[in-house]
């Protein structure tokens, strides 16, 4: 079968789906009790996360503005400022979008906002994941190659810049694949439902499967692997050095030996990574299950689906608390 024939077949399949959906008005989604609970919890977490991250961002801003005598702002504070900014973007974009969409069930904002908000949603999810990768890489280099890191300030700036640029670029396809569909009643005259979806945006089914896998890998699998490798290297290096000579952990030319401060930074980095993994793993596990078995929606109850999705929203709430705990 040539490509044009295959494309025609896919388009006919999409047309058939549109025609069949118009006959199933009774099965159109509605706001259920579990959905109402999800909306309530979502807006509570929105308030909580906004308060925590905005307060933490202001605190970091004040700390970076205080010029200590003969000392520069620490690398970790710069990284934490970008992580908090990314968490705040995720909070202010993903949470209200999810809450309002669950209230309205269908999409009323038109095709332009369908594309733009879908783009911003994925962008704000990429950013904290990539910044977490930068933090893990930076802390790993600070422990394993401290002199090289100290002599290269541009390395940190380049990694942070790359994280934001990749977030912007990788979210780009959302502007193309998301579109509006309108479902009509049996007469074909009256619109009864509108939704913002990726319906029939891919010429072949495997194109969508590849895009989903790429997104899943960049959002979770690759950051997870990098964080695991970096934290393993940090723990291994610290263990080996501490058994030989604790003074080798001195990472500055001052007379003060600061292993405890460096260890506290390490523990904080591991805590950030653990929070990311614990909060997002259930969400992505359900996503993988759905790709391989779309009928899983009938096997897993709505409350369970809502719970795992809300669990991911805890991640931006936890990060300021983790910093507050380890900075005492």
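Quick reminder: no glycine exception, Cβ is built from N, Cα and C everywhere.
The transmembrane segment annotation in TrEMBL covers 37-58 (among others).
TrEMBL lists 55-323 with the feature domain 'G-protein coupled receptors family 1 profile'. Looking only at the domain 'G-protein coupled receptors family 1 profile' (55-323), the predicted model's pLDDT averages out at 83.
If you look up TrEMBL, you'll see 78-97 (among others) marked as transmembrane segment. Beyond its flanks by at least six residues, the transmembrane segment (78-97) meets 42-43, 45-46, 49-50, 53-54, 56-57, 60-61, 64, 117, 120-121, 123-125, 127-128, 131-132, 134-135, 138, 156, 160, 163-164, 272, 313, 315-316, 319-320, 323 of its own chain at Cβ-Cβ distances under 8 Å.
According to TrEMBL, the transmembrane segment annotation covers 117-137 (among others). Long-range neighbours of the transmembrane segment (117-137) within the same chain, counting only residues 6 or more positions beyond its ends whose Cβ lies under 8 Å from a Cβ of the stretch, are 79-80, 82-83, 86-87, 89-90, 93-94, 97, 109, 156, 159-160, 162-164, 166-168, 170-172, 174-175, 178, 196, 215, 218-220, 222-223, 226-227, 230-231, 269, 272-273, 276, 315-316.
Positions annotated as transmembrane segment by TrEMBL: 158-178 (among others).
The annotation transmembrane segment is assigned in TrEMBL to 209-230 (among others).
Residues annotated as transmembrane segment in TrEMBL: 270-292 (among others). Listed by sequence, the residues of this chain that lie at least six past the ends of the transmembrane segment (270-292) yet keep a Cβ under 8 A from its Cβ atoms are 83, 128-129, 132, 135-136, 209, 212, 216, 219-220, 223-224, 227-228, 231, 234, 300, 305, 308-309, 311-315, 318-319, 322, 325-326.
If you look up TrEMBL, you'll see 304-326 (among others) marked as transmembrane segment. Within the same chain, residues 34-35, 37-38, 41-42, 45, 48-49, 52-53, 55-56, 80, 83-84, 87-88, 90-91, 94-95, 98, 128, 264-265, 267-268, 271-272, 275-276, 279-280, 282-283, 285-286, 297 sit at least 6 positions outside the transmembrane segment (304-326) and bring their C-beta atoms closer than 8 Å to a C-beta of that stretch.
Nonlocal intrachain contacts for the transmembrane segment (158-178), taken as residues 6+ away from its ends with a CB within less than 8 angstroms of a stretch CB, comprise 78-79, 82, 114-116, 118-123, 126-127, 130-131, 133-134, 137-138, 196-198, 201-202, 211, 215, 218.
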